[in-house]
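Quick look at what Swiss-Prot annotates:
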type	residues	note
TOPO_DOM	1-33	topological domain 'Extracellular'
CARBOHYD	Asn2	N-linked glycosylation site
CARBOHYD	Asn6	N-linked glycosylation site
CARBOHYD	Asn16	N-linked glycosylation site
TRANSMEM	34-54	transmembrane segment
TOPO_DOM	55-62	topological domain 'Cytoplasmic'
TRANSMEM	63-83	transmembrane segment
TOPO_DOM	84-112	topological domain 'Extracellular'
TRANSMEM	113-133	transmembrane segment
TOPO_DOM	134-142	topological domain 'Cytoplasmic'
TRANSMEM	143-163	transmembrane segment
TOPO_DOM	164-182	topological domain 'Extracellular'
TRANSMEM	183-203	transmembrane segment
TOPO_DOM	204-218	topological domain 'Cytoplasmic'
TRANSMEM	219-239	transmembrane segment
TOPO_DOM	240-257	topological domain 'Extracellular'
TRANSMEM	258-280	transmembrane segment
TOPO_DOM	281-320	topological domain 'Cytoplasmic'
REGION	301-320	region 'Disordered'
COMPBIAS	308-320	compositional bias 'Low complexity'
Amino acid sequence: MNQTLNSSGTAELALNHSRGSVVHAACLVLSSLAMFTCLCGMAGNSMVIWLLGFRMRRTPFSIYILNLAAADLLFVFCMAAMLSLETQPLVSTTDKVHELMKRLKYFAYTVGLSLLTAISTQRCLSVLFPIWFKCHRPRHLSAWVCALLWMLCLLTNGLTSCFCSKFLKFNKDQCFRVDMVQAALIMGVLTPVMTLSSLTLFVRVRRSSQQWRRQPTRLFVVVLASVLVFLICSLPLGFYWFVLYWLNLPPDTKVLYFNLSRLSSSMSSSANPLIYFLVGSRRSRRLQGSLGTVLQRALREEPELEGGETPTTGTNEMGA
């Protein structure tokens with residue numbers, strides 16, 4: 001009898017060890033892919049920031065894209081730093097740096113979500129009420145909205161850090177409440193508004209395109225593609241705390257979900273530059289143009305003429 005129990009216990013230990021090895025290998029692969037994605041994202045977003053910040057004349061919509069690229073760059077940098085620190089033992093100094101990178105990462109995440117919500121909402125308003133929006137839109141609205149969103153996200157994430165950082169006055173109950181409030185803001189306000197405005201924009205532009213037999217503008221494609229990629233790739237990170245606290249999942253499943261959410265969110269923050277350049281070069285005869293030309297073409301609002309070109313008049317006055 002004892003021999004039977006010992007053999008069954010040994011088999012269970014071997015099974016658990018084998019399962020743990022598989023989970024460890026899967027996490028290692030996901031972390032490696034996330035690191036590679038972050039490096040590509042840093043290169044792509046740095047290129048967008050350099051082009052929009054120093055090589056191109058800014059338009060109202062390009063200001064949003066510039067700030068979104070900055071938020072994405074901060075996110076992938078913090079993610080890459082965390083992945084790098086996790087490959088070595090976390091001593092006192094590296095542990096503090098890891099905590100700082102984690103807080104900055106969530107800050108960049110909320111900034112990116114807020115900017116995408118503002119972009120999709122303003123594009124929706126400009127399509128639903130074009131004359132009113134053009135006449136009543138403040139000249140520096142884009143810059144003011146971006147600055148306000150950065151400050152609000154800094155405030156909310158600063159409060160979260162005060163209650164949840166293990167190097168400050170950590171309180172588990174208060175941290176849980178603050179996390180739930182922030183999750184409710186992300187999942188209950190920002191994400192639904194972004195989704196609803198994007199769906200409205202898609203239906204309205206699609207109907208107008210069928211009625212007037214015109215192709216949608218490249219800017220419309222850029223906005224919808226960016227929102228779609230965010231919803232598919234970045235929402236798993238937003239749902240992470242819900243999965244951690246409310247779903248009674250096995251520890252191995254939670255670890256795999258956590259690593260998968262880090263990879264998918266890294267892909268989301270790295271995909272936007274690729275979207276801009278793919279849309280900017282789509283149906284164009286001048287594929288050999290500079291990167292700045294391709295990016296400028298992707299951010300234009302004007303409908304395309306024959307050959308994939310756009311009118312040159314009023315380019316810098318039109319914005320989203």
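Cβ coordinates are placed from backbone N, Cα and C, and glycine is handled just like the others.
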Residues of the parent chain within Cβ reach of the transmembrane segment (113-133), under 8 Å, 6 or more residues beyond its termini:
61, 64, 67-68, 71, 141, 145-146, 149, 152-153, 186, 190-191, 193-194, 197-198, 200-201, 204-205, 219-220, 223, 226-227, 230, 234, 238, 320
At a threshold of under 8 Å on Cβ distances, which of 63-83, 143-163, 258-280 pairs most often with the transmembrane segment (34-54)?
63-83
Can you say which of 143-163, 183-203, 258-280 has the most Cβ pairs under 8 Å with the transmembrane segment (219-239)?
258-280
Contact set, same chain, for the transmembrane segment (183-203): CB under 8 Å, 6 or more residues outside the stretch:
110, 113-114, 116-117, 120-121, 123-124, 127-128, 156, 220, 223-224, 227-228, 230-231, 235, 238-239, 241-242
PLDDT averaged over the residues of the topological domain 'Cytoplasmic' (55-62):
86
Structural state census, the topological domain 'Extracellular' (84-112) (DSSP three-state):
23 helix, 0 strand, 6 coil
Counts by DSSP class (helix H/G/I, strand E/B, coil) across the topological domain 'Extracellular' (164-182):
12 helix, 0 strand, 7 coil
